[in-house]
Every structure is written in C-alpha cells, then in structure tokens.
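Structure record follows, encoded as structure tokens.
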Amino acid sequence: MLQWRRRHCCFAKMTWNAKRSLFRTHLIGVLSLVFLFAMFLFFNHHDWLPGRAGFKENPVTYTFRGFRSTKSETNHSSLRNIWKETVPQTLRPQTATNSNNTDLSPQGVTGLENTLSANGSIYNEKGTGYPNSYHFKYIINEPEKCQEKSPFLILLIAAEPGQIEARRAIRQTWGNESLAPGIQITRIFLLGLSIKLNGYLQRAILEESRQYHDIIQQEYLDTYYNLTIKTLMGMNWVATYCPHIPYVMKTDSDMFVNTEYLINKLLKPDLPPRHNYFTGYLMRGYAPNRNKDSKWYMPPDLYPSERYPVFCSGTGYVFSGDLAEKIFKVSLGIRRLHLEDVYVGICLAKLRIDPVPPPNEFVFNHWRVSYSSCKYSHLITSHQFQPSELIKYWNHLQQNKHNACANAAKEKAGRYRHRKLH
C-alpha cells in the first residue's frame, strides 16, 4: 500500500534536464496563447472578414461593391470586378412613392402600430431609420417577356444560382409554358448572386439565360436572409414589365406545383380576373420565434407585437397581378424582415387586404404529401422534391390524370395482392 501511494500521490524528484524541458513546454504554450490573442485582435478590426459582417444587424442589405453595369436593363451586363469583395451597404434614405389608391397609414391595422414605430426608432439609432430604397441593379433581365405575349399567369420561382438541375426539371414539368392549351404561362426564375463568388457558375447562368430567357438576377447576395429582397425583386419586375397580368404565383424551386389544377380549378380563366386577391396556405395566429438559435428568430426590437398578421406560407401563394405594385410600393415604408412570407403578410395588413382561404384547405401544402396520382390531381403544392423525383412523379401524374383516382385504386389493389402472394 505504501508503495502504491508513493507511485501515484507523490512527485518524484525531478532532474535538471526534466525541469528545463518542462519550462520550455510551458513557455511555448504561453507564447502560443499570446500569438493567438494578438491575431484575434488584428482580425477583429478588419471589415473584409466574411464573419465580421454577419447577417444579424442588417440582414438584408448585403451586396457586391465594385459592380459596374453598362446598361441596367440589358440581359448581360459587364461582370468585371464583380467577384472582388463583399461589403455591407447601408440603405439610403428615400421618400416612398405612395399610390393614390393606397392608404399607407398603419392606424387601425392590428399589431402593426407598435411594430412600425419601433422600427422607426431603431432605424434612427442605426442610421437606417427611413423608408427603404430599392437600388439593386439587374445583371440579367427579361423586360420584353410580356410584350411578346399576354400571359394569364406568371410563375415567380425563387431559386438558388447553383440549382441548375432544379430549374431544368421545372422547365420539363410544372413550369412548362405550353402546359395548358390556350392559356399563356410565363416562367421566371428569381436569382441573386452566388455567395461562393463562383465566376464559372455565373457564366453558366448567363448561358442558361441566353438559351431559355426565363431568369432575372440582381446584384444582392443570394442567401436565406435575402429572400425578402428576392421576392420584392419579383414583385417589382411584374409591376414594371407585366402590369396587366391577371395572376401571379410565387413559389420555390423544391416544390411540386399542379399548374393545371391551379389554373382550371382556382383561377378559372373563363371568369373575370379578381382584384386585391391573395391566397395560399394561411398561417393564422403565429407568434414570433424568440429563440435566438432558430433561423426563424425575430428580435423583439424588430417586431415587438405578440402575433404576426395573417400570412401565407412562402412555399407557394397566388395573388392578383394588381397587388404586385401595391405590395412593392408599401414595402418601401416597412423595414425588411428576413422572414419573407411574414413580411409580405405585414405589407398586406398595411394595405388592409386580408388573404383569403382557398376553396379546399388541402390544396396548398407546405410539407411533402405522400404521392398518389389521386391526391396529386387535387392539390396545388407539395414541398421538398429533388429534381429527379419531380420528373418521376410529374410524368406518372400526366399518364394517369384523366382517371387518377381510379388508377390509384387499381395500383393500391395490385400492391395488396402482391404482398398477399408473397
């Protein structure tokens, strides 16, 4: 026992060489810590670090410095110096242009008075307490898209720059502009600039645009926190270049959209177009997420109210064409929030326009609905599809759409018999 205690509890007498080695080790450790601390102080004062300009303080104003467009409305502007660096750019004060038919007063709009006044005070503290300006330039544009034809429906599809396969799959399926006989559809993909600063990818996008003429792109960074800018880009494009469009759908690149059902059962081309019409999957009574670790986090100083106004899931909503200009203009007086669907709902509340429920609560789905030709022939949206899945299920639906439920029942009975035999 005594021997064990000496071995494990008591220090043996150290030689001079051992002491010197131990001192050298400790000295190296201390110097390493000092060096790391000095490096931290050095990098912490340089604005060019990617981590330095995070999205939390001003999540929607990140763009590229050094961009020079020779002609902002042409399809393929010069991209020289576009990949040099990213910097935050403060929104410039600008008086919002009010429509004569639009009441921009927040009075009487439930849950907005305190929010808008709080936004104003925060803006003044940070130097951005003014109506938003919208100054993002076009890199790719399609200004003549509605001059060549008079579409009944525009599909605004939010896509990431690198989602080339998703765009290809959508063109082959629900985004096919010749899908509905006698009904003109226009497809537009909404893009920002890749955060990876990939010159090869940008050249591929330019070539894709030359081939299909269905991409618009502006000079903001394409990130989750800039989805609101992406949607406003689409709204402004519709208001500017397709002001007389009857209907618009905004959706995402990972969605399954039954375009034929949308047109024939919801929009009904034989009827006069509606006005101030907005529908989708209604989100009613939702409270702001105050968990700072959540990507849906909403700081109380940006939105102090306890409930959001009614809004529609951003995975897919449909609105009358006249609302594009109204939503864009009213947005110039409301601070941009990174939750795009919530923000559009706030704009509608300020316009005193209530989203209306669809005829069937199951037609808009912000989750993935298990596939059957019967179910998918009676819905408008389903979420989270890979490009290969989209093509597979779309082709199956087209083959069975005239007797979708009968064929689905036969397939189910066949699978049941197969399992029983085996």
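Glycine is no exception: its Cβ is also placed from the backbone N, Cα and C atoms.
Residues annotated as N-linked glycosylation site in Swiss-Prot, with sequence analysis given as evidence: Asn75 (among others).
The N-linked glycosylation site annotation in Swiss-Prot covers Asn100 (among others).
Annotation source Swiss-Prot lists N-linked glycosylation site at Asn119 (among others), citing sequence analysis.
The N-linked glycosylation site annotation in Swiss-Prot covers Asn176 (among others) and is backed by sequence analysis. Within 10 Å of the C-beta of Asn176 (N-linked glycosylation site) there are 14 other C-beta atoms, taking all protein chains into account.
Within 10 Å of the C-beta of Asn226 (N-linked glycosylation site) we count 27 further C-beta atoms, all protein chains included. Under the heading N-linked glycosylation site, Swiss-Prot lists Asn226 (among others), citing sequence analysis as support.
What Swiss-Prot records for 90-110 is region 'Disordered'.
Marked as topological domain 'Cytoplasmic' by Swiss-Prot on the basis of sequence analysis: 1-24. Mean predicted confidence for the topological domain 'Cytoplasmic' (1-24): the pLDDT average there is 54.
What Swiss-Prot lists as topological domain 'Lumenal' is 46-422.
Residues annotated as transmembrane segment in Swiss-Prot, with sequence analysis given as evidence: 25-45.
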Three-state secondary structure, Asn176 (N-linked glycosylation site) (per DSSP): coil
Inter-residue C-alpha distance, Asn176 (N-linked glycosylation site) and Asn226 (N-linked glycosylation site) (nearest angstrom): 27
